[in-house]
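Here the structure comes first, spelled out in C-alpha cells, and everything after it is commentary.
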Amino acid sequence: MKLAILSATIGAACAFAPSAISSERSALFMSDAAVEQTIEEPVVPAVAPINGWVPDESLPMYGLPGAVAPLGFFDPLGFTKNMELLGVKRFREAEIMHGRVAMMATLGYLIGESTPTITYGMNVHHTIANNQIPEVPGTVLFPFFLAINIAEALRANIGWVEPGLGPLFTLRESYYPGDIKFDPLGLKPTDAKEFANMQTKELSNGRLAMLAAAGMCVQEQINGKGILENLGF
C-alpha cells in the first residue's frame, strides 16, 4: 500500500515537472524565431531603375538630371510643383525633343545660308533661312517631311502608351525621357552617374540652342539679313 501511494505521488510530481525535451524544443523554437527576426528582407524600390535613375518624390523633377549651376533647379513659375511622375516625364520628354530640334535648327540657319546645299544645286544661295523653305521644291520637301513622320512614329511607338490602352499622352513606365535607343556611335555611358552627366550636358546645349534659334528667327525678321552677314562676316 505504501509502495502504491509512493508511486502515485512520484507520478503526479513528474506530470507537473518541466520535461527536458520540451524545454530544449522551446529554446530551439525561440532561437529560430530570433534568427528570423534578425533577417531583414531586402528593400525593393517601387519603380525599377531606368538608366540608373530611380524616381524620388522628395527631389525636384523626381531626381531627373538637368539642374545646373548657377541657378540649379530653375522653375520660377512652378510648372512641376506637386506634379505626378508621368507629367514630369512628359515635360522632360518635350524639353529634350525641342532642344534636339533647336540644335539642328541652329546649324541649319548657318549651313543653309553660308554653304553649298543640294537644294540649290550646290551653290551658295544668299536667302535668309526664314525664306528658304518656300523656295524648296516639293520633290525635296516630300521626302524631308516623310522622314520626319517616320521618325516621330518610331519615337511614339517606343516611348508612348498606345491610344486605348491607357490615358492619352502618357509615357511608358519603363521609358526614360529622350532615350529612343538610337546610338549608332555607342556614345551612351553604361555608368549611371556618367549617363546623368551626359544628359545634363545635352539639356544645357538644347536650352541654349532653343534661345539661339529663336533669336536667329527674330533677328532675320527684323532686318532681313543672314546670321553671319548680320555679324559682319
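Heads up, the Cβ atoms here are built off N, Cα and C, so glycines get one too.
Residues annotated as chlorophyll a binding site in TrEMBL: Glu95, His98, Lys201, Glu202, Asn205, Arg207, Gln219. The C-beta environment of Lys201 (chlorophyll a binding site), restricted to residues of the same chain at least 6 apart in sequence and closer than 8 Å, is empty.
Neighbour count (other Cβ atoms within 10 Å of the Cβ, all protein chains): 10 for Glu162 (chlorophyll b 1 binding site). TrEMBL lists Arg100, Glu162 with the feature chlorophyll b 1 binding site.
TrEMBL lists Leu168 with the feature chlorophyll b 4 binding site. Cβ contacts within 10 Å of Leu168 (chlorophyll b 4 binding site), excluding its own Cβ and spanning all protein chains shown: 8.
Per TrEMBL, signal peptide is recorded for 1-15.
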Key: Nearest-integer angstrom distance between the alpha carbons (Cα) of Leu168 (chlorophyll b 4 binding site) and Gln219 (chlorophyll a binding site)   = 38
Request  = Sort out the sequence-distant neighbours of His98 (chlorophyll a binding site) for me: same chain, 6+ apart, CB within less than 8 Å of its CB, listed by position.
outcome  = Gly206, Met210
Ask   = Which whole-number value in Å describes the distance between the Cα atoms of Arg100 (chlorophyll b 1 binding site) and Glu202 (chlorophyll a binding site)?
value = 8
